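Asks: This is the structure I have questions about; it appears just below.
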Amino acid sequence: MKISEDPDLQPMIFGLFLSMYLITVLGNLLIILAVSSDSHLHTPMYFFLSNLSFVDICFTSTTVPKMIVDILTQSRVISYVGCLTQMSLLIIFGCMDDMLLTVMAYDRFVAICHPLHYPVIMSPHICIFLVFACVFLSLLDLQLHTLIVLKFIYFKDVSISNFCCEPAQILNLDCSENFTKNIITYFVGAIFGFFPMLIILLSYYKITSSILRVPSSGGKYKAFSTCGSHLSVVCLFYGTSIGIYLGSAIVHSPQNSLVSSVMYTVVTPMLNPFIYSLRNRDIKDAL
């Protein structure tokens, strides 16, 4: 697993990724502390945001510390068990990101399109249930991926053109045209890719329709401003994650896969706190 073989670039890469990791952890921790300490932020939207920040910390911690240690030790080796463990954690936390962004889109839909029923529909019990549903679906996604991967013959001395055991690339190690593998792959893509995107698109279609019916321009801006941060994060997350899976399926380019992996496992979790804190007055006040 590698980013660059040039020894002159190793110190710069080490400093860059260490800085990005520390910023990611600190930024997301600040979001969690701000939400938990300010009673004005004890609402469903910020409850889901604090969970998203926690998942982002776990997501980036799955890959970056290992890569930093590899740069220090000049090692490019990961064990079979270590690779499967890293892949499993990437799947769980990546799917959790996906599911939480979908739930947050639904939350914005209810808040804008059904404001009078919002306290009932998004009650604390429902919010907790939705988070547990995200965890359950993430574990289901892991089990479906595991069904495919554990059918592989034990592999060793395999070179992965990436800095982590990216699930899409691990699946590509099996070159056989297996019908069961294809069915499970398409099923997982539909359940955890297509349907969440469909829910998000439908939510924002309804939100846009409701906002356009608001008579004043100030009211329109205020209504849509609560969605701007979430929409930015959705575009960033789905743009990079879809890019890596489509790229690996259509044209296998190690360099493109590496860039996409860095974007959605390192850059996106780092940018999320900035997006929410810079575009959200409540978060800025709490910070």
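Each residue, glycine too, has its Cβ placed from N, Cα and C.
Got these off TrEMBL a minute ago, pasting:
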TRANSMEM  12-34  transmembrane segment
DOMAIN    27-276  domain 'G-protein coupled receptors family 1 profile'
TRANSMEM  77-96  transmembrane segment
TRANSMEM  116-140  transmembrane segment
TRANSMEM  183-205  transmembrane segment
TRANSMEM  226-246  transmembrane segment
TRANSMEM  258-278  transmembrane segment
Asks: Mean pLDDT, the domain 'G-protein coupled receptors family 1 profile' (27-276)?
Replies: 80
Asks: Given a Cβ distance threshold of under 8 angstroms, which distant residues of the chain, six or more beyond its ends, lie next to the transmembrane segment (183-205)?
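Replies: Residues packing against the transmembrane segment (183-205) from afar: 95, 98-99, 101-102, 105-106, 108-109, 137, 141, 144-145, 147-148, 171, 227, 231, 234, 238, 242, 245.
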